[in-house]
Amino acid sequence: MEAGEEDISAAAANLRNDAHQQQQQPPVSSSNIISVDNNSVINLHSLTHLTDYLPHLQTHVNPLDSIPFFHPISGFYLSPTDVIFRNILFDLSLSAGSSGSATHHLQQLDAYHRAGPRKHIYFDHSHVRAAIVTCGGLCPGMNTVIRELVVGLWDLYGVRHIFGIKSGYRGFYSASTDPVPLCPNMVHDLHKRGGTVLETSRGGFDLHLIVNAIENRGYNQVYIIGGDGTMRGAVKIFEEIKRRKLKIAVAGIPKTVDNDVGVIDRSFGFQTAVEMAQEAISAAHVEAESAVNGVGLVKLMGRSTGHIALHATLSSRDVDCCLIPEIEFYLEGKGGLFEFLESRLKQNGHAVLVVAEGAGQNLIPRSKEAAEGQAGKDESGNAVLLDVGGWLKSELKKWWGRDHPEEELFTVKYIDPTYMIRAVAANATDNLYCTLLAHAAIHGAMAGYSGFVCGPINGNYGYIPVEEVAGANNVVDTNDHKWAWVRSVNNQPDFMRT
């Protein structure tokens, strides 16, 4: 047997020994209700800790105590009592009652544990075997997260066995892909590159094959980078590991360029995507104003939410109309898109439209199969969308030719920058964000937490149960002030039929 195989066998044996020596798993509550006063209670969203089902694990002093580059100061290490509130906006009148009434509303304050280093950890750094996997589509910053996971584990905690899993979830068990040993020298410049060096893919989720491979290879920390579909898979992996009572920490790092992950402030890569989207909008604006009756049409990412379209619209100020999945619009008649464009072209001689890829799906003619719900889904389980950009370009040309037969000059310049946006390297803001995310995930895993996702909540990094993130959506609130700003900047119709 080769040395590497001996290491794997020993690591796998350690996992099984940890499981066999433990007692029956005690019940773990999903949340803790803490009374604050007569007006409010704190709902602390609890995390699963390895000691919840392996109660006799040995603790170790955090090696950050002896790191030569800095010395932890008072308050550096966090405790279970350090929390972050999810909601920070309150109407004080609800607590005091209204119109002198003695009644009041009890306010529930949702809270999450703060992310960061703990004084004591539950892994001996010499025994850690960490696996990193990327799943789903590309997103700016994926390589940065990989880099910082490797550098953080290596430099902060002294971990020397770090492996990259290629080709997404199927890479755990596929005979054609071997884990890639990773070290700081191999990843030192990844933050300057787009994409993922681990080669991502959709689908390939086979729970038992994946967990068997994790166990057999002796991985005891698994870092999963992906979107909502990936996080749903992470929930199942975490639950199966817990069922087997294995000492394996599962940490999720939410990735979606659309910014549709719930609970957290934003997903990494989003700000880079908005920045790149602005470039596409600027090009569309130049094309439109350089033509007679020119229309610049830009399709941006956003399957179910319009965050990129909304933020790019507010940032560029060159957009005349922004169409997102959260609003329904129509083309013909009073208050419709064509009437608005007619007015804007007469006023300015040009117009720029931004449409999110998930907008207007109810308007696009579908094939018989699609109409009967048989259009199918992609490998991530997402419904296959029809091309709203190509359809809208065609409808604009039909409208102009029908209603303006004497005016031949009309141009639609259609730009779809999807792959240019998601394949670029992260900008400075997202690189910083990815670094903090990766380090937060490492601190949580070393502290013995499992089944969590890390992310910013009201500007502070917290740990969120992965099942919450997998089931939460972050849609544009069209009743919020931000959408009102879009309407006021563009003076676009509300598409409300009268």
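Backbone N, Cα and C atoms are what each Cβ position is placed from, and that goes for glycine too.
Given the structure is predicted, the values throughout are model-derived calculations rather than measurements.
Here is what TrEMBL records for this protein:
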ACT_SITE  Asp258  active site, proton acceptor
BINDING   Gly137, Arg202, Gly203, Gly227, Asp228, Gly229, Thr230  ATP binding site
BINDING   Asp228  Mg(2+) binding site
BINDING   Thr256, Val257, Asp258, Met301, Gly302, Arg303, Glu357, Tyr419, Met420, Ile421, Arg422  substrate binding site
DOMAIN    129-443  domain 'Phosphofructokinase'
SITE      Gly229  site 'Important for substrate specificity'
Anything within 10 Å of Asp228 (ATP binding site)? Look among the recorded positions Thr256, Asp258, Gly302, Glu357, Arg422, comparing CA atoms, and list what you find. Thr256
Taking every protein chain shown into account, which of the recorded positions Asp228, Asp258, Glu357 has the largest tally of Cβ atoms within 10 Å of its Cβ? Asp258
Please work out the number of neighbouring Cβ atoms within 10 Å of the Cβ of Arg422 (substrate binding site), leaving out its own Cβ. 21
Given a 10 Å Cβ-Cβ cut-off, pick out the one of the binding-site residues Gly203, Gly227, Gly302 that has the most other Cβ atoms nearby. Gly302
What's the number of neighbouring CB atoms sitting within 10 A of the CB on Arg202 (ATP binding site)? 20
Would you kindly give the Cα-Cα distance separating Gly137 (ATP binding site) and Thr256 (substrate binding site), rounded to the nearest Å? 8
Counting Cβ neighbours within 10 Å across all chains shown, tell me which of the binding-site residues Gly137, Gly229 comes out on top. Gly137
When you measure from the Cβ of Met420 (substrate binding site), which residues in the chain that are at least 6 apart have a Cβ under 8 Å away? Met276, Ala280
Near Thr256 (substrate binding site), how many other Cβ atoms are within 10 Å of its Cβ? 27
Separation of alpha carbons, Gly302 (substrate binding site) and Arg202 (ATP binding site) (Å): 18
Of Gly137, Gly203, Gly229, Thr230, Gly302, which binding-site residues come within 10 Å of Asp258 (active site, proton acceptor), going by C-alpha to C-alpha distance? Gly302
To the nearest whole angstrom, what is the C-alpha distance linking Gly229 (ATP binding site) and Arg422 (substrate binding site)? 18
